[in-house]
Amino acid sequence: MFKLTSSPHIHSGKLTARIMLWVIFGMLPALAVQVYYFGFGVLIQICLAVALALILEFAVTKLRKKPSLFYISDFSVILTALILAMAIPPYAPYWVILIGTFCAVILGKHVYGGLGQNLFNPAMVGYVVLLISFPVQMTGWMPPISLLHEPPTFGDSLGLIFSGVTGDGFSLSQLVSSIDGLSSATPLDSAKTWLKSGGSATDLLNQPIFLPGLEAGLGWLQVNLAFFIGGLFLIWKKAIHWQTPVAILLSLGIFCGLFDLFGNAQAVGFFAQLFSGAMMFGAFFIATDPVTAPVTPKGKWVFGILIGLLICLIRQFGNYPDGVAFAVLLANICVPLIDQYTRPRVAGYGLNGRN
């Protein structure tokens, strides 16, 4: 006897849970590098985000009378929490990640009906809510711990996140200000502020957070390289499509080259654009979300080019130094339109004056 089931009857065998696990696995190198350069804070943020995300997923699916364990076991909510936790400053107060996780899971996902129904990337919804609502907490990045006199221990990291001070009573700002030339700003933020104030690129690169001779920051370059390697792994495993990240990086390079060509004094160099902030993170792990990205190869190219253009414009003219999250969300709005104009025509379309 054959069992009657709904389509599709032929599939690739790539279950949602398997793809999510590959993406999580691809993020592990960047996580290890981030812990090495910026301390244990990111691990604590991940634990808080994942714990709350699982609780919310369980509660909402129960309220909607759906099988909670089935939806939790696809690992999508864990991936959302992981992306959000790795995107925020490692030593942000604990309530920041809790609010962001709530917004990501509830507002970014379940308001639209759950996995597969959301218009926007859930993690970026949570991130943008935090960035707009709590700009001070969301811009307080720890410089690489190798530049500090005494790198924070795991206990110090717990203290900074839950009480705002280490075991010795030092706040994050006090730890940073103890070293001349250091600030809690990211290299992109420092470069944007410095160049807008009329400072020279040579003096900018002499700051301790920048690698000698490069506009990319210490720690940030290595984290972006790790995300790049993880992204190549995902492409190799066919967990993501290559068109979107390639389109983002190529378009960003072209538009940044145009700014350099016309001599924009406030423009950050091409190398810094690619290997600073959340560039590789966004290109390979955020913009490639299959739910919120176009479905056709041509659409993925258009989507990636749009994101690259928006990132370049926000970084050059906007108030925010990075712009990846805003670019992805703005491009998400355009996905239905992109799909409409890039999907292949059905055979026989337009024959005899009929569609």
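Each position is counted from 1, following the chain as shown.
Including glycine, each Cβ sits where the backbone N, Cα and C put it.
Marked as FMN phosphoryl threonine by Swiss-Prot on the basis of sequence analysis: T186.
Nonlocal intrachain contacts for the transmembrane segment (13-33), taken as residues 6+ away from its ends with a CB within less than 8 angstroms of a stretch CB, comprise 42, 46, 73-76, 78-79, 82-83, 86, 115, 219, 222-223, 225-227, 229-231, 233-234, 237-240, 281, 284-285, 290. According to Swiss-Prot, the transmembrane segment annotation covers 13-33 (among others).
Feature annotation from Swiss-Prot assigns transmembrane segment to 35-55 (among others).
Taken from Swiss-Prot, the feature transmembrane segment applies to 77-97 (among others).
Taken from Swiss-Prot, the feature transmembrane segment covers 98-118 (among others), and the record attributes it to sequence analysis.
Residues annotated as transmembrane segment in Swiss-Prot, with sequence analysis given as evidence: 128-148 (among others).
Residues 22-23, 25-30, 32-34, 37-38, 143-144, 146-147, 186-188, 190, 208-210, 242, 245, 271-272, 274-277, 279-281, 283-285, 288 of the same chain lie 6 or more positions beyond the ends of the transmembrane segment (216-236) yet place their CB under 8 Å from a CB of it. The transmembrane segment annotation in Swiss-Prot covers 216-236 (among others).
Annotation comment: Swiss-Prot describes 245-265 (among others) as transmembrane segment, evidence class sequence analysis. Non-local neighbours of the transmembrane segment (245-265) in the same chain are 195, 231, 235, 273-274, 279, 282-284, 287-288, 300-305, 307-309, 311-313, 316; each lies 6+ residues outside the stretch with a CB under 8 Å from one of its CB atoms.
Away from its own ends, the transmembrane segment (267-287) comes close to residues 23, 26-27, 30, 83, 86-87, 121, 123-124, 186-188, 191-192, 195, 201, 214-217, 220-221, 223-225, 227-228, 230-231, 234, 240, 244-245, 248-249, 252-253, 256-257, 259-260, 293, 303-304, 307, 311-312, 315-316, 321-322, 324-325, 327-328, 331 of its chain (Cβ-Cβ under 8 Å, at least six residues beyond either end). For 267-287 (among others), the entry in Swiss-Prot reads transmembrane segment, with the evidence type sequence analysis.
Under the heading transmembrane segment, Swiss-Prot lists 294-314 (among others).
As annotated by Swiss-Prot, transmembrane segment applies to 318-338 (among others).
The transmembrane segment (35-55) makes no contact with the transmembrane segment (318-338): fewer than 3 of their CB pairs lie within 8 A, with pairs spaced 6 or more apart in sequence.
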